[in-house]
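J.: Following this message is one structure expressed as structure tokens.
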Amino acid sequence: MKLPTLNDNPFMKPVEWMALALLCGLIFCVLPLALDGFRLNLVGKYLTYAFVALGLVICWGYCGILSLGQGVFFGLGGYCMAMYLKLEASSVENTKIQSTPGIPDFMDWNQITALPWFWAPFKSLPLTLIAVVLVPTLFAFVIGAAMFKRRVGGTYFAIITQAIAAILTILIVGQQGYTGGINGITDLRTLHGWDIRTDAAKTILYFVNGGLLVACVLVAQYVKRSKLGRILVAMRDKEDRVRFSGYGVASFKIFAFCLAAAFAAIGGAMFTLQVGFMSPSFVGIVPSIEMVIYAAVGGRLSLFGAIYGTLLVNWAKTTFSESFPELWLFGLGALFIAVVLAFPNGLAGVWRQHVEPRLTRRPKAASPAALPQGAPAE
Amino acid sequence: MFGEYSLGDLGAIFAMQGFAGLILFSVYVLMALGLAIIFGQMGVINMAHGEFMILGAYVTYLCSGFFQAHLPGIFPAYFFLAMALAFVAAGLLGMVVEWALIRHLYKRPLDTLLATWGLSLILQQAYRSIFGAREVGVELPSWMMGSVQATDTIEIPINGLFVMAITVLITLAVAGLLFASRYGKQVRAVMQNRVMAGAVGIDTGRVDRLTFGLGCGIAGVAGSAFTMIGSTGPTSGQLYIVDTFLIVVFGGAASLLGTIASAFSISQTQSTLEFFLSGSTAKVITLLAVVAILMLRPQGLFTLKVRR
Amino acid sequence: MNAAILPGATAGDRDFLLAVEALTVSFDGFKAVNDVSFYVDPDEIRVIIGPNGAGKTTVLDLICGRTRATSGSIKYKGTELTKLSESAIVQAGVGRKFQTPSIYDDLTVFENLEISFPRGRSVLGALMFKRDAEVRDRIHEIAEMIFLKDQLDRRAEFLSHGQKQWLEIGMLLIQDPELLMLDEPVAGMSVAERKKTAELLHQIIKGRSVLVIEHDMKFVEDIAHRVTVLHQGKVLSEGSMERVKTDPKVVEVYLGH
């Protein structure tokens, strides 16, 4: 008998197409029909974190680089968007009671009399949209180039990224006049004249957000099934072998890290648009590491798992912290420990091991490649 | 920023801020020492280290209250007992944690990081449930208040000197323990070759448990010292974890001397800058400098070239 | 057959494929490799032998850039390798097999070979890489050579030790290096596997230079054109197996015990 070889490498396997269809059905039909405007907006907010989790699947799950600073990129993307919206909300008519009309209110409160130079580009929407992705990605590139070219990885990299998250938070909080400080950039109203505070606008933004998320899933899927995706896995396993097969290992790591940063940045910008503000509390150590748990709960190797993991953890957070605020931190802490000790492959791992075999009772000819990945070998 | 001060003033400022930074330095050294033992010797990232420190701080707080209420006669000496108890409490908790959690994860350092973060959340909430969300302060015995007048312009706080002395003692004890005792030899043997160490009859599990406990215990003592510079709240420890990790990495993870030198340079830079700039700017500059140096020299300041 | 010499090559390089000169590396003052010089001709099979700790693996590490030399030079077809990055050295045509099988456990045999296929080695190239007929045919051809034709869809993790060694050799073959470096290719193999490996090696060494570290003397005698003996980081002796075997210095430190 000749095995059907996986030499033909389809963009997605049938199972993955089904998962994508399910996800689209959930985001575009089930949730909008089942939830009221407020709850839908809440789900929209959760889904912006899913961008970060998606990036972490590529960067951490596939490439083995754990970044504890994803909030930095989420925040930078969000701040870029918020700066544009804030400038639009701070037109001369809107701010004529200020001592310097035409600049954001918090600048006026901090005795700043002219718009700082780095705010200037954010008067233009096209420049802003470019900056949303470009600024965080370039920042990730600089960090990645400095670290990976010098062969820094693993725990060191995690610590450094965490320190960067801490530094950026302190900086934003400290430079109140330029950044809005601890309150962040608030009171955002319109996007190019379109009021984003109305229910209709929020619904539209929800769908835009969902569309972008699906687009990012497809991009991630493309990367995952390309040779580059397999090189990432190979590097995680035997970095030296990849290097001595003629690859510049650092470039591939930088790529994975930048991709994750770009995803996070898009999420951050969508967060600002849907929630109507951006603040340092989404940048620092705590949110950054919480975003890691979303990916971990969903399954660090599963793109779809990351999205469901994000939704599940945030749903649990909202439910528990509303009714039992004390229990929530215990629960979250236990979740971190449980996911590491008992379910290293998260929901996706549980699905693959326990649910899928029951659904697909196919003969044993299924290729061994379908075995759960990352099963402990040693 | 130095323009408006004379040279003499500047000297005095540096000296004063230097001594004022003594406690911060001591807290850093003790925290980093514990972390360096755990990270350097065992390769484990303990994100809950700050919470172990805070446990020590709460123990000190409880002692202070207890002695004031029941044994006011020996209140002046309570701090010694508090430090010892802080060490024991944090050390015991550390050993329990090692047994329940860490020992399953030795091959997965990144996962330890996540698991201990989870632990830190649980501990924070536990502190909040037990001690309340409000920050608590510790009453110092009167002999520890005040300062020594070294020159006209330079004052040295007594509690700073006291904590400094304790830190030096603990550092020497740890160095002695690791480099001169039989236990220290076992620790280093396990660190270098776990399988072989087990094969020659070292109980590697026990060594790991003791080492982790020792690191956490020292963090507890750091918490005791911490009560002198800040009030204790459930999340106070989290603020220190990043700084401490940077110190350990900056010093070169395996070198105790490097850890101390790096704790000194970081605490003194920060303390000196704080006089001229706002606290947050000082912190940003210090941390940025450390991160920048680490990007250029990731192996830290004090490491040897070794064959990979 | 003569390998083409790069234009940059000087007269002093003659037509050596690899010229190692005065190579030294010290770790904290300990000289693991001390003033080692040797020359490999095109199509030559050179075996490096020597007791444990003689610096054999370190020499390979130095050539492929894994360890950086303290001093000395390594010229490959006239190009100085000591300054190049590891990937540039590979791309120049130097392939290296590690002592323990170094393959990607989480990928299939096919994917393992595919990653080593010398195309699409940049980030963009890897993203755009197409699994076309050329790639497939080459992988099938190599798989046939390394006795893994029926295992292409298997995860590499589940291969036997010998099969893993073959897979890594296959991964090198698909790179088609001009200089192939093998670190103990038959170590830890069963007798049957050893025989098959010798067969395989005989087949693949045609048309390229090979630098082998090996302890199995029968195997060495079988394949070596020349032998270099290392001892305590220095070259102790060099020449044909016959000559080296009778060299009293070698007998004393290595073969005599």
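Every residue number used here counts from 1 along the chain in the order it is shown.
From the backbone N, Cα and C atoms, a Cβ is placed for every residue, glycine too.
OK, TrEMBL features for this one:
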TRANSMEM  B:12-40  transmembrane segment
TRANSMEM  B:52-71  transmembrane segment
TRANSMEM  B:77-101  transmembrane segment
TRANSMEM  B:113-131  transmembrane segment
TRANSMEM  B:161-181  transmembrane segment
TRANSMEM  B:212-233  transmembrane segment
TRANSMEM  B:239-263  transmembrane segment
TRANSMEM  B:275-296  transmembrane segment
J.: Mark yes when the transmembrane segment (B:161-181) and the transmembrane segment (B:239-263) have three or more Cβ pairs under 8 Å (sequence separation 6 or more) and no when they do not.
T.: yes
J.: Applying the under-8 angstroms CB criterion, which one of B:52-71, B:77-101, B:212-233, B:275-296 scores highest with the transmembrane segment (B:113-131)?
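T.: Highest pair count goes to B:52-71.
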J.: Same chain, outside the transmembrane segment (B:77-101) by at least 6, Cβ under 8 Å from its Cβ: which residues?
T.: 48, 52-53, 55-57, 59-60, 63-64, 67, 71, 115-116, 119, 140-141, 144, 162, 166, 208-210, 212-221, 223-224
J.: Residues sitting near the transmembrane segment (B:12-40): Cβ under 8 Å, six or more positions beyond its termini, same chain?
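T.: That would be 5, 46, 49-50, 52-53, 151, 153-157, 159-161, 163-164, 166-167, 170-171, 174, 178, 211-212, 214-219, 221-222, 225-226, 228-229, 240, 243-245, 247-248, 251, 253-256, 259-260, 262-264, 266-268, 270-272, 274-275.
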J.: Sort out the residues at least 6 away from either end of the transmembrane segment (B:52-71), same chain, that have Cβ-Cβ distances under 8 Å to it, and list them.
T.: 27, 31, 34, 46, 78-79, 81-83, 85-87, 89-90, 93-94, 123, 127, 131, 136-139, 216, 219-224, 226-227, 232, 234, 236-237, 240
